[in-house]
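What follows is a set of notes on a single structure, which appears directly below.
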């Protein structure tokens, strides 16, 4: 039987499943994290969708809860790695330390141990690769320069040396349909073409633009053009037509010959009938 000070779900606030007047939330709804905080002499429970800074998430079958990070840092969601250190500590390999190892120096702004960069470098990846230069210098390929070399211009906003743009072109378009001789039908081997636009051209003494069109060979599924018959089919049709014409001609000649013979026989019979009989 629940303790008499517990309230039912309908009486609890926020993500609380059960709660009491004196201690706040005692358990949470699904997907909420239980956080136990101190209020004066009392401990008060809260149910949150995510843990606040300085805490990390712990999920289990029985309860999801927020657990406090180490005293000297904010940590990731597992609690195993610090993500930012408290003042006076410096982050190194996921831990907060009061001093940095040899070869590194403390960065008070980042609260991290960073490489001891070159004299003209403000921040760096290592001793040889600068990521930001000191004031008035320009970054180029991990090094700092007082002026940008030829073929580069100084970007004052980023304080970096950027390549001179002689001709800027857009992205390649899609490949065209496979074609040959201006036609897209009646062949097997053809070519495709694609193009891109020129977006920016600097004065005439600049370098020429790169190619804005290119082509490649392609294989097409051979299909007949409208109104076109295949060559072999056309030859077979012509041969068949010739046979039909020849057969008709032979039949006509036979019929004409038969008619002539019948006519000649009829004439002979009529002559024989009309010829007078001789007296013996």
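Count begins at 1; order follows the chain as displayed.
A Cβ is built for glycine as well, from the same backbone N, Cα and C atoms used for every other residue.
A TrEMBL annotation is a machine prediction, not a hand-curated record.
According to TrEMBL:
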DOMAIN    15-113  domain 'R-spondin Fu-CRD'
DOMAIN    117-161  domain 'R-spondin Fu-CRD'
REGION    220-280  region 'Disordered'
COMPBIAS  241-264  compositional bias 'Basic and acidic residues'
COMPBIAS  269-280  compositional bias 'Polar residues'
Counted with DSSP (H/G/I as helix, E/B as strand, rest coil), the domain 'R-spondin Fu-CRD' (117-161) has 0 helix, 23 strand, 22 coil
From the DSSP assignment alone, can you count helix, strand and coil residues within the domain 'R-spondin Fu-CRD' (15-113)? 0 helix, 53 strand, 46 coil
